[in-house]
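Over in TrEMBL, the protein carries these features:
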- B:R161, B:L162, B:Q163, B:N194, B:E289, B:D364: substrate binding site (BINDING)
- B:P195, B:Q247, B:S297, B:M403: adenosylcob(III)alamin binding site (BINDING)
Amino acid sequence: MTDSERTSGVPGVIDNPWRTLSRHTDARIGLGRAGGSLPTAPHLEFQLAHARARDAVHLPLDSETMMATLNERFSQVVRLQSRAQDRGEYLRRPDLGRLLSDDSREQLAAMQVEQCDLSISVVDGLSARAIHEHAATLLDRLLPPIRERGWHIGPLALVEQGRVAIGDPIGEALGARMGVVLIGERPGLSSPDSLGVYFTWQPRSGRRDSERNCVSNIRPRGQSFEAATTLILYLLDEASRRELSGVELKDDSEVASQLGDGRGNFLLPDSAD
Amino acid sequence: MSCWYYDTGGRRYRFESLRELMACATPARSGDELAEIAAASGEERAAAQLALAEVPLARFLEEPLIPYEEDEVTRLIIDRHDAAAFRPVAGMTVGEFRNYLLCHDVGSEQLSRLAPGLTPEMVAAVSKIMRLQDLVLVGHKCRVVTAFRNTIGLPGRLSTRLQPNHPTDSATGIAASILDGLLYASGDAVIGINPATDNTGTVVTLLKMLDDIISRYAIPAQSCVLTHVTTAIEAIERGAPTDLVFQSIAGTESANRGFGIDLAVLREGHDAAQSLGRGTVGQNVMYFETGQGSALSANGHHGVDQQTLEARAYAVAREFEPLLVNTVVGFIGPEYLFDGKQIIRAGLEDHFCGKLLGVPMGVDVCYTNHAEADQDDMDVLLTLLGAAGCNYVMGIPGSDDIMLNYQTTSFHDALYVREVLGLKAAPQFEAWLAQMGITDHHGRIAIEGELPPAFAHALARSAS
């Protein structure tokens, strides 16, 4: 018997009956095989997804629309630029993406904000799409409980060609006690729209990455907006109490985990059978 | 401090220090350009390589690229240097050392004995004047064998890390990828999850789940949840069944501080895992990841080129006798390794340097969507690493990591390279695959329509 006679569908391809499990994950499981290799159809689907993800990296931030969206939610919104002039420079020079352009620094200084409890920055990062699609949704969940805490929120910054650390000079200029950066994460093949949130106690230029906490993969099919909001609030509350962030601020929250106790998945039946 | 010269075609190239000479001699790399330490022209680079070939190996012991007083990694390198092991090559220059490594009568045993006598700077230097074929050839001669529940790094073997990541750490989603991987013969290096959060409770739950799966199916493999070492220590204190302790490491004290670690906390993590005594055929309990550019990224590079700093990370690794070390070569992005050509060379350099220093090297053959690289580039690197005797590569469904958002090698990729180069899984795992009916007597996947009974039951449960 040859390989092609054993298949249910495409000649030469051996299907995987466990493909039904793909309802539990976006991972590319049960792709089948041609010999030991990837069959033609999943191979070409991959090539298409890669081409799309490459294109997403280069999609520019729609600043006009985002300004309108953010102005509906904040009394003060400021549009800022990093020192990276364009996408090419942004990709090769991450150092420039962490610094504010001269114009942007002057703009912030002119606002004459001496201090605030919280500085929020919305940054394109590597996926403007994540910002276009999810920034407003997350802010709508996050803002009411933050306002309930009586914290003074500084002007909201919308930043083009920015990296995570650009929240530091922004928070510094606004005298912020805490900084939150919403940023487009680098697009994956299955997730060109993933939003990340980075939290820094006393954001100031020169902060190390180990002084930040991160909540990542926020998108409809990833970390839910609800769970992300709970985690971010936990970080804000704990940091306010302990006056620090980063690896010393362990995420010990007992957030209602989607994981349960890890049992109940099909590989681990509760009872012997 | 010394000054180095090379005269070529009426022009004199001058290098103010060994550090500058190394940076100018290193093959072109976007990260060194970002740090503004790269050679200004192709001719300057070639001149630096010619000058570097004349440098005595012993010089690297006298002139540390990062001062002894300023950096605990330098202190580790110098204090641990084994002068007796170094003796066979102590009188050689970098250029002579390259010739020595290529000699037919220098084999695995000599290289193993030599390892404690070599410093990261020496192996980085010689790698800079080697072509890819040299890196493959010498890498292939080096053998670094480690063990926990199976034995990794034996000749003719290529292991894989089964990487069942899920963006929300969904237990069922993770289990689906584990099943897919096992049925494609993956997971002998480790079944290792990158969790979506550093939440200690989640980490403990994932460790229990992996432990239960390994026990239930009697898999001769180890598990790991790739969380910060301090979280792993907390998890162990909470009684989590921990096989391996993971940490990302770099080649300077300040870059490690950027990761929130130092040598003392790595020792603490190592001792905590050792105290559990969970290995059956060995007790190598650490899993480290590295990558060129991490020190610059953490602003802790001291003007040293990224490839030399990467080799220094292996000196940190070898101090803790790890089971696994891998360079996540294309993960960090195009600002450090711009395109497929740079990623391919870096992967082979890292494998070579790690092996020569006695570190059990694997490579995460990978790229991100903002780099100028694609699957063809990864095929080239994977094939060359297979030829170079790499200990292990990653295995993920369809090359797509839906949690970390990058592309690495798939389960199918590992089958390809095992097929064309005649490589096999770790012996204990190979036997388990055959016993479970996953592979046939050629070691190829045997599963057609029906699943092996244990897994058929699991799949039936998933439908209920």
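Cβ from N, Cα, C; glycine included.
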Near chain A - the binding-site residues B:R161, B:N194, B:M403, filtered by Cβ distance under 8 Å: B:M403
Chain-mates of B:R161, B:L162, B:Q163, B:N194, B:E289, B:D364 with C-beta within 8 Å of site centroid, substrate: B:N165, B:V190, B:G192, B:L226, B:N326, B:M394, B:I396, B:T408
Proximal residue to B:N194 (substrate binding site) among binding-site residues B:Q247, B:S297, B:M403 (C-alpha distance): B:M403
Alpha-carbon spacing, B:M403 (adenosylcob(III)alamin binding site) to B:L162 (substrate binding site), which is rounded to whole Å: 14
Between B:E289 (substrate binding site) and B:Q247 (adenosylcob(III)alamin binding site), the C-alpha gap once rounded to whole angstrom: 6
Rounded distance in angstrom between the Cα atoms of B:S297 (adenosylcob(III)alamin binding site) and B:Q163 (substrate binding site): 25
B:D364 (substrate binding site) and B:Q247 (adenosylcob(III)alamin binding site), Cα-Cα, nearest whole angstrom: 15
Between B:P195 (adenosylcob(III)alamin binding site) and B:Q163 (substrate binding site): CA-CA distance (Å): 11
Distance [Cα-Cα, Å, rounded] between B:D364 (substrate binding site) and B:P195 (adenosylcob(III)alamin binding site): 17
Which of B:Q163, B:N194, B:Q247, B:S297, the listed binding-site residues, has fewest other Cβ atoms within 10 Å: B:N194
